[in-house]
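According to TrEMBL, the protein has these features:
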- Tyr75: active site, proton donor (ACT_SITE)
- His138: substrate binding site (BINDING)
- 38-310: domain 'NADP-dependent oxidoreductase' (DOMAIN)
- Lys105: site 'Lowers pKa of active site Tyr' (SITE)
Amino acid sequence: MDVRTKMQESSPQLSTTSYQSIPTFPLHSTNEKAIPLLGFGTAEYPFGASIDTMKQTILEAIEVGYRHFDTAALYQTEQPLGEAISDALRLGLIKSRDELFITSKLWCSDAHHDCVLPALKKTLKNLKLEYLDLYLIHWPVSVKPGEYELPVKKKDLVPIDLKSVWEAMEECQALGLTKSIGVSNFSCKKLETILSTAKIPPAVNQVEMNPMWQQKKLRKFCDEKGILIESYSPLGAKGTLWGTNRVMECELLKEIAQAKGKSLAQVCLRWAHEQGVCVLVKSFNKERMKQNLDIFDWKLSAEESRKISQLPQSRGFPAGEFVSDDGPYKSLEELWDGEI
(Lines of atoms letter the chains of each structure in order from A; the text may use other names.)
(Lines give C-alpha, C1' and ligand atoms only; values in the text may rest on other atoms or scores of the structure.)
Protein backbone atom coordinates (compact mmCIF):
# COMPACT_ATOMS: atom_id res chain seq x y z
CA MET A 1 0.00 0.00 0.00
CA ASP A 2 1.48 3.36 -0.96
CA VAL A 3 1.71 6.36 1.33
CA ARG A 4 -1.09 8.28 -0.37
CA THR A 5 -3.50 5.32 -0.20
CA LYS A 6 -2.63 4.82 3.45
CA MET A 7 -3.32 8.50 4.09
CA GLN A 8 -6.73 8.19 2.51
CA GLU A 9 -7.63 4.97 4.34
CA SER A 10 -6.25 5.85 7.76
CA SER A 11 -8.59 8.84 8.24
CA PRO A 12 -5.77 11.02 9.56
CA GLN A 13 -6.21 12.63 12.93
CA LEU A 14 -6.66 16.36 12.82
CA SER A 15 -4.60 18.40 15.23
CA THR A 16 -6.77 21.30 16.40
CA THR A 17 -5.02 24.63 15.96
CA SER A 18 -5.97 28.22 16.49
CA TYR A 19 -6.25 28.75 12.77
CA GLN A 20 -6.91 25.51 10.92
CA SER A 21 -6.56 21.80 11.42
CA ILE A 22 -3.52 20.19 9.80
CA PRO A 23 -3.82 16.53 8.69
CA THR A 24 -1.32 14.10 10.21
CA PHE A 25 0.19 10.83 9.04
CA PRO A 26 1.46 7.90 11.14
CA LEU A 27 5.12 7.13 10.39
CA HIS A 28 5.67 3.39 9.95
CA SER A 29 8.70 3.18 12.23
CA THR A 30 7.07 4.41 15.40
CA ASN A 31 3.88 4.03 17.38
CA GLU A 32 4.29 7.53 18.68
CA LYS A 33 2.29 10.54 17.54
CA ALA A 34 1.83 11.10 13.82
CA ILE A 35 3.65 13.70 11.75
CA PRO A 36 1.71 16.87 10.78
CA LEU A 37 1.72 17.02 6.97
CA LEU A 38 2.52 20.74 6.96
CA GLY A 39 5.66 21.83 8.77
CA PHE A 40 7.47 25.10 9.41
CA GLY A 41 11.04 25.32 8.13
CA THR A 42 13.70 27.39 9.87
CA ALA A 43 16.50 27.47 7.26
CA GLU A 44 17.53 30.91 6.07
CA TYR A 45 20.54 31.87 4.00
CA PRO A 46 23.00 33.11 5.10
CA PHE A 47 22.60 30.76 8.07
CA GLY A 48 21.97 32.65 11.28
CA ALA A 49 20.93 35.83 9.46
CA SER A 50 17.69 36.15 11.44
CA ILE A 51 18.84 34.51 14.65
CA ASP A 52 17.84 37.57 16.74
CA THR A 53 14.22 37.43 15.53
CA MET A 54 13.87 33.68 14.97
CA LYS A 55 12.46 32.93 18.43
CA GLN A 56 9.65 35.46 17.96
CA THR A 57 8.95 34.16 14.45
CA ILE A 58 8.55 30.61 15.77
CA LEU A 59 6.30 31.80 18.60
CA GLU A 60 4.08 33.50 16.01
CA ALA A 61 4.03 30.29 13.97
CA ILE A 62 2.89 28.31 17.03
CA GLU A 63 0.29 30.98 17.73
CA VAL A 64 -1.28 30.72 14.25
CA GLY A 65 -1.32 26.92 14.33
CA TYR A 66 1.97 25.28 13.29
CA ARG A 67 3.00 22.29 15.38
CA HIS A 68 5.71 20.70 13.20
CA PHE A 69 9.10 22.47 13.12
CA ASP A 70 12.14 21.56 11.03
CA THR A 71 15.66 22.59 12.00
CA ALA A 72 19.22 21.29 11.57
CA ALA A 73 22.65 21.60 13.13
CA LEU A 74 23.69 23.56 10.03
CA TYR A 75 20.95 26.19 10.25
CA GLN A 76 21.93 27.74 13.62
CA THR A 77 18.25 27.74 14.56
CA GLU A 78 18.16 24.88 17.09
CA GLN A 79 18.79 27.21 20.03
CA PRO A 80 16.12 29.84 19.15
CA LEU A 81 13.64 27.02 18.42
CA GLY A 82 14.34 25.56 21.86
CA GLU A 83 13.87 28.98 23.46
CA ALA A 84 10.59 29.45 21.56
CA ILE A 85 9.32 26.07 22.79
CA SER A 86 10.15 27.03 26.39
CA ASP A 87 8.36 30.37 25.98
CA ALA A 88 5.34 28.76 24.29
CA LEU A 89 4.95 26.45 27.28
CA ARG A 90 5.34 29.32 29.74
CA LEU A 91 2.83 31.48 27.84
CA GLY A 92 0.31 28.66 27.53
CA LEU A 93 0.38 28.54 23.70
CA ILE A 94 0.90 24.79 24.08
CA LYS A 95 0.22 22.60 27.10
CA SER A 96 3.16 20.23 26.64
CA ARG A 97 6.16 19.61 24.41
CA ASP A 98 4.35 16.49 23.17
CA GLU A 99 2.02 18.72 21.13
CA LEU A 100 4.95 19.55 18.86
CA PHE A 101 6.74 17.50 16.21
CA ILE A 102 10.42 18.50 16.12
CA THR A 103 12.87 17.43 13.39
CA SER A 104 16.59 18.10 13.22
CA LYS A 105 19.40 16.85 11.00
CA LEU A 106 22.90 15.41 11.22
CA TRP A 107 25.39 17.59 9.34
CA CYS A 108 28.00 16.11 6.97
CA SER A 109 30.86 16.78 9.41
CA ASP A 110 29.13 14.47 11.90
CA ALA A 111 28.22 11.80 9.32
CA HIS A 112 30.68 9.32 10.85
CA HIS A 113 29.60 6.40 13.03
CA ASP A 114 31.18 7.66 16.25
CA CYS A 115 30.02 11.26 15.77
CA VAL A 116 26.29 10.60 15.37
CA LEU A 117 25.26 10.10 19.00
CA PRO A 118 27.32 13.04 20.32
CA ALA A 119 25.88 15.23 17.55
CA LEU A 120 22.31 14.31 18.51
CA LYS A 121 23.04 14.96 22.19
CA LYS A 122 24.39 18.41 21.25
CA THR A 123 21.24 19.09 19.19
CA LEU A 124 19.03 18.09 22.13
CA LYS A 125 21.03 20.37 24.43
CA ASN A 126 20.59 23.26 21.99
CA LEU A 127 16.85 22.60 21.83
CA LYS A 128 16.53 21.95 25.61
CA LEU A 129 14.62 18.78 24.76
CA GLU A 130 14.82 15.18 25.96
CA TYR A 131 14.01 13.73 22.54
CA LEU A 132 13.41 14.55 18.87
CA ASP A 133 10.44 13.28 16.93
CA LEU A 134 12.58 12.81 13.80
CA TYR A 135 16.34 12.85 13.16
CA LEU A 136 17.62 12.89 9.58
CA ILE A 137 20.96 12.39 7.83
CA HIS A 138 21.11 15.77 6.08
CA TRP A 139 23.03 14.59 2.96
CA PRO A 140 24.56 11.31 1.76
CA VAL A 141 27.90 13.08 2.22
CA SER A 142 30.69 13.08 4.80
CA VAL A 143 33.29 15.75 5.37
CA LYS A 144 36.09 15.79 7.92
CA PRO A 145 34.72 16.55 11.42
CA GLY A 146 34.70 20.08 12.74
CA GLU A 147 32.95 22.60 10.50
CA TYR A 148 29.22 23.32 10.11
CA GLU A 149 29.16 25.16 6.81
CA LEU A 150 27.66 25.15 3.32
CA PRO A 151 29.34 25.26 0.87
CA VAL A 152 31.69 22.68 2.38
CA LYS A 153 35.42 22.74 1.68
CA LYS A 154 35.94 20.32 -1.19
CA LYS A 155 39.31 19.24 0.21
CA ASP A 156 37.43 17.94 3.29
CA LEU A 157 35.08 15.62 1.36
CA VAL A 158 35.51 11.95 2.34
CA PRO A 159 33.53 8.79 1.46
CA ILE A 160 30.44 8.22 3.61
CA ASP A 161 29.96 4.79 5.18
CA LEU A 162 26.16 4.67 4.95
CA LYS A 163 25.92 1.31 6.70
CA SER A 164 27.77 2.36 9.86
CA VAL A 165 26.23 5.85 9.98
CA TRP A 166 22.76 4.32 9.71
CA GLU A 167 23.60 1.83 12.49
CA ALA A 168 24.45 4.81 14.70
CA MET A 169 21.13 6.45 13.77
CA GLU A 170 19.33 3.23 14.75
CA GLU A 171 21.13 3.34 18.10
CA CYS A 172 19.82 6.88 18.66
CA GLN A 173 16.26 5.63 18.16
CA ALA A 174 16.83 2.59 20.37
CA LEU A 175 18.03 4.91 23.16
CA GLY A 176 14.81 6.94 22.88
CA LEU A 177 16.64 10.12 21.92
CA THR A 178 14.62 10.30 18.70
CA LYS A 179 11.27 8.69 17.99
CA SER A 180 11.96 8.16 14.27
CA ILE A 181 14.94 8.34 11.94
CA GLY A 182 15.26 9.16 8.27
CA VAL A 183 17.33 10.78 5.54
CA SER A 184 17.40 13.86 3.34
CA ASN A 185 18.54 14.32 -0.26
CA PHE A 186 18.84 10.57 -0.89
CA SER A 187 18.36 8.96 -4.32
CA CYS A 188 16.59 5.64 -4.88
CA LYS A 189 19.95 3.88 -5.14
CA LYS A 190 21.29 5.33 -1.88
CA LEU A 191 18.04 4.41 -0.12
CA GLU A 192 18.47 0.86 -1.42
CA THR A 193 21.94 0.79 0.14
CA ILE A 194 20.49 1.65 3.55
CA LEU A 195 17.48 -0.66 3.19
CA SER A 196 19.74 -3.61 2.34
CA THR A 197 21.16 -3.72 5.90
CA ALA A 198 18.81 -1.58 8.01
CA LYS A 199 17.11 -3.00 11.09
CA ILE A 200 14.95 0.12 11.15
CA PRO A 201 14.12 1.49 7.68
CA PRO A 202 14.09 5.25 7.11
CA ALA A 203 10.71 6.74 7.98
CA VAL A 204 11.22 9.86 5.86
CA ASN A 205 13.24 11.17 2.91
CA GLN A 206 13.26 14.98 2.90
CA VAL A 207 14.01 16.28 -0.60
CA GLU A 208 13.59 19.24 -2.91
CA MET A 209 10.13 18.95 -4.47
CA ASN A 210 7.89 21.47 -6.20
CA PRO A 211 5.97 21.76 -9.49
CA MET A 212 9.25 22.38 -11.37
CA TRP A 213 10.98 19.34 -9.79
CA GLN A 214 8.27 16.79 -9.07
CA GLN A 215 10.44 13.80 -8.09
CA LYS A 216 8.09 11.28 -9.74
CA LYS A 217 10.58 8.39 -9.78
CA LEU A 218 11.67 8.93 -6.19
CA ARG A 219 8.10 9.34 -4.95
CA LYS A 220 7.07 6.05 -6.56
CA PHE A 221 10.04 4.26 -4.99
CA CYS A 222 9.38 5.72 -1.53
CA ASP A 223 5.66 4.91 -1.76
CA GLU A 224 6.54 1.29 -2.46
CA LYS A 225 8.96 1.17 0.49
CA GLY A 226 6.66 2.94 2.95
CA ILE A 227 8.95 5.98 3.21
CA LEU A 228 7.19 9.34 3.56
CA ILE A 229 8.51 12.10 1.30
CA GLU A 230 8.94 15.52 2.86
CA SER A 231 9.10 18.41 0.41
CA TYR A 232 11.49 21.25 1.03
CA SER A 233 11.67 24.30 -1.27
CA PRO A 234 8.00 23.79 -2.27
CA LEU A 235 8.04 27.37 -3.63
CA GLY A 236 11.54 27.12 -5.11
CA ALA A 237 13.41 28.82 -2.22
CA LYS A 238 14.07 31.99 -4.21
CA GLY A 239 16.96 33.99 -2.81
CA THR A 240 18.79 31.12 -1.09
CA LEU A 241 21.91 29.17 -2.02
CA TRP A 242 19.69 26.17 -2.84
CA GLY A 243 16.87 28.04 -4.57
CA THR A 244 15.70 29.46 -7.90
CA ASN A 245 12.93 31.82 -9.05
CA ARG A 246 11.50 29.32 -11.57
CA VAL A 247 8.52 28.31 -9.42
CA MET A 248 7.39 31.81 -8.44
CA GLU A 249 7.74 33.05 -12.05
CA CYS A 250 5.94 30.12 -13.68
CA GLU A 251 3.13 31.49 -15.89
CA LEU A 252 0.97 28.37 -15.58
CA LEU A 253 1.04 28.52 -11.78
CA LYS A 254 0.21 32.25 -11.91
CA GLU A 255 -2.80 31.51 -14.16
CA ILE A 256 -4.11 28.74 -11.87
CA ALA A 257 -3.68 30.95 -8.80
CA GLN A 258 -5.58 33.81 -10.44
CA ALA A 259 -8.39 31.52 -11.60
CA LYS A 260 -8.82 30.03 -8.11
CA GLY A 261 -8.46 33.27 -6.19
CA LYS A 262 -5.46 31.84 -4.35
CA SER A 263 -1.83 32.88 -4.07
CA LEU A 264 0.76 31.14 -6.20
CA ALA A 265 2.29 29.82 -2.97
CA GLN A 266 -1.03 28.27 -1.94
CA VAL A 267 -1.35 26.54 -5.32
CA CYS A 268 2.14 25.04 -4.97
CA LEU A 269 1.51 23.88 -1.41
CA ARG A 270 -1.89 22.40 -2.30
CA TRP A 271 -0.34 20.61 -5.29
CA ALA A 272 2.34 19.06 -3.06
CA HIS A 273 -0.25 18.04 -0.44
CA GLU A 274 -2.31 16.32 -3.15
CA GLN A 275 0.76 14.25 -4.11
CA GLY A 276 0.62 12.61 -0.67
CA VAL A 277 3.73 14.19 0.81
CA CYS A 278 4.57 16.27 3.87
CA VAL A 279 5.31 19.90 2.97
CA LEU A 280 7.72 22.26 4.73
CA VAL A 281 6.92 25.95 4.38
CA LYS A 282 8.84 28.99 5.53
CA SER A 283 7.63 32.53 5.91
CA PHE A 284 8.60 35.06 8.53
CA ASN A 285 5.51 37.15 7.75
CA LYS A 286 2.55 36.37 10.02
CA GLU A 287 -0.13 36.89 7.36
CA ARG A 288 1.69 34.62 4.90
CA MET A 289 2.10 32.06 7.68
CA LYS A 290 -1.70 32.00 7.90
CA GLN A 291 -2.15 31.85 4.12
CA ASN A 292 0.20 28.86 3.92
CA LEU A 293 -2.02 27.00 6.37
CA ASP A 294 -5.10 27.64 4.22
CA ILE A 295 -4.64 24.77 1.75
CA PHE A 296 -6.80 21.97 3.15
CA ASP A 297 -10.41 22.92 2.33
CA TRP A 298 -10.13 23.27 -1.46
CA LYS A 299 -8.70 21.23 -4.33
CA LEU A 300 -7.03 21.60 -7.69
CA SER A 301 -9.13 20.37 -10.61
CA ALA A 302 -8.05 17.30 -12.57
CA GLU A 303 -7.20 19.55 -15.51
CA GLU A 304 -5.10 21.89 -13.37
CA SER A 305 -3.22 18.91 -11.90
CA ARG A 306 -2.67 17.49 -15.39
CA LYS A 307 -1.19 20.76 -16.63
CA ILE A 308 1.15 20.99 -13.63
CA SER A 309 2.26 17.40 -14.21
CA GLN A 310 3.44 18.39 -17.70
CA LEU A 311 5.68 21.29 -16.61
CA PRO A 312 9.33 20.99 -17.77
CA GLN A 313 11.44 19.48 -15.01
CA SER A 314 14.88 20.27 -13.64
CA ARG A 315 16.48 20.15 -10.21
CA GLY A 316 16.71 23.58 -8.58
CA PHE A 317 19.66 22.72 -6.35
CA PRO A 318 22.11 20.35 -8.08
CA ALA A 319 24.44 20.56 -5.04
CA GLY A 320 27.63 20.78 -7.06
CA GLU A 321 29.26 21.83 -3.78
CA PHE A 322 29.56 18.12 -2.97
CA VAL A 323 31.17 17.17 -6.29
CA SER A 324 34.94 17.16 -6.73
CA ASP A 325 37.49 15.49 -8.98
CA ASP A 326 39.32 14.41 -5.84
CA GLY A 327 36.23 13.53 -3.77
CA PRO A 328 33.93 10.51 -3.49
CA TYR A 329 31.41 12.03 -5.97
CA LYS A 330 33.15 13.08 -9.16
CA SER A 331 29.99 14.17 -10.97
CA LEU A 332 26.39 15.19 -10.32
CA GLU A 333 25.44 11.91 -11.96
CA GLU A 334 27.21 10.05 -9.15
CA LEU A 335 25.79 12.23 -6.39
CA TRP A 336 22.19 11.81 -7.58
CA ASP A 337 22.57 8.40 -9.29
CA GLY A 338 21.11 9.82 -12.48
CA GLU A 339 18.13 11.55 -10.80
CA ILE A 340 18.99 14.98 -12.19
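Backbone N, Cα and C atoms are what each Cβ position is placed from, and that goes for glycine too.
TrEMBL does not curate its annotations; it predicts them automatically.
The Cβ of the residue listed as 'substrate binding site' has Ala72, Ala73, Leu74, Lys105, Leu106, Trp107, Cys108, Ala111, Ser184, Asn185 as same-chain neighbours under 8 Å, each 6 or more residues away in sequence. For the recorded positions Tyr75, Lys105, counting C-beta atoms within 10 A of each C-beta gives the highest total at Lys105.
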